[in-house]
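Annotated features in TrEMBL:
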type     : residues                                        : note
ACT_SITE : Glu82                                           : active site, proton donor
BINDING  : Asn69, Val70, Glu71, Asn72, Ala73, Cys74, Tyr75 : substrate binding site
BINDING  : Cys80, Cys114, Cys117                           : Zn(2+) binding site
DOMAIN   : 28-155                                          : domain 'CMP/dCMP-type deaminase'
Amino acid sequence: MDGNNTCHEDGDITSQCPLASAPSLHPKLVQRLVAQSHEAKQRAHCPYSKFRVGAALLTMDGKVILGCNVENACYALGICAERTAIQKAVSEGHKEFRAIAVASDVEAEFITPCGACRQVMREFGAEWDIYLTKPSGAHILTTLSQLLPMSFGPEDLNKV
C-alpha cells in the first residue's frame, strides 16, 4: 500500500487489504465492477461541469446496476452517479447491496462519493464495499462506515 491507501494499483484487491472490514470480492469480480463503472461514466450528461462520473452497484443477488451523473440547467436538480444507480436498483426491487465502484476521469487521485451520496448509501447499510477508481483501472477499497463515521441511519429513528 502506498500513501493513497492503494491495494495493488494493478487492479487486484485481495482480502489482505487493510481498508476492508470484510473479505473483499473475488478479484475478477472487482475488475468487472471497476470496468463497468467506467462504462457507465461514458453515459454521463454533464454539459456544465464536464465532470463525468459512473457507478456500478452490485446487489446482494449478484446483479450489477449502472448509474451516471445527470446534470440539469437548474444545477440543484442534477443527480450523482451513485444515487442514480441506487435509485434505479430500488426501482427494480433491490434494496441490499454488496459493493459499488465509482469512476471519474481524474487520474491524480481517487474521488469519493459526495456527502449526499454517502447519506443515501447509508440508508441501505454501513458496511458495504466501496471501490474508488481511476481511469487506469487502479482502485482502492473502503467502506461506507469509513467514509461516513458516526452516521445516521434508519435504525436511529427507533431510538426516540
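Just so you know, glycine gets a Cβ as well, placed from its N, Cα and C.
No curator has checked TrEMBL annotations; they are predicted automatically.
Keep in mind that this is a model prediction, so the values were computed, not measured.
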Within 10 angstroms of Cys114 (Zn(2+) binding site), Cα basis - recorded positions out of Val70, Glu71, Asn72, Glu82: Glu82
Binding-site residues compared (Ala73, Cys80) - the one with the fewest other Cβ atoms within 10 Å: Ala73
Closest of Asn69, Val70, Glu71, Asn72, Cys74 to Cys80 (Zn(2+) binding site), Cα positions, binding-site residues only: Asn69
Cα distance (Å, whole number) from Ala73 (substrate binding site) to Cys117 (Zn(2+) binding site): 20
Proximal but sequence-remote residues of the same chain as Asn69 (substrate binding site) (Cβ under 8 Å, at least 6 apart): Ala44, His45, Cys46, Phe51, Arg52, Val53, Gly78, Ile79, Cys80, Ala81, Thr84
Val70 (substrate binding site): tally of other CB atoms within 10 A of its CB: 16
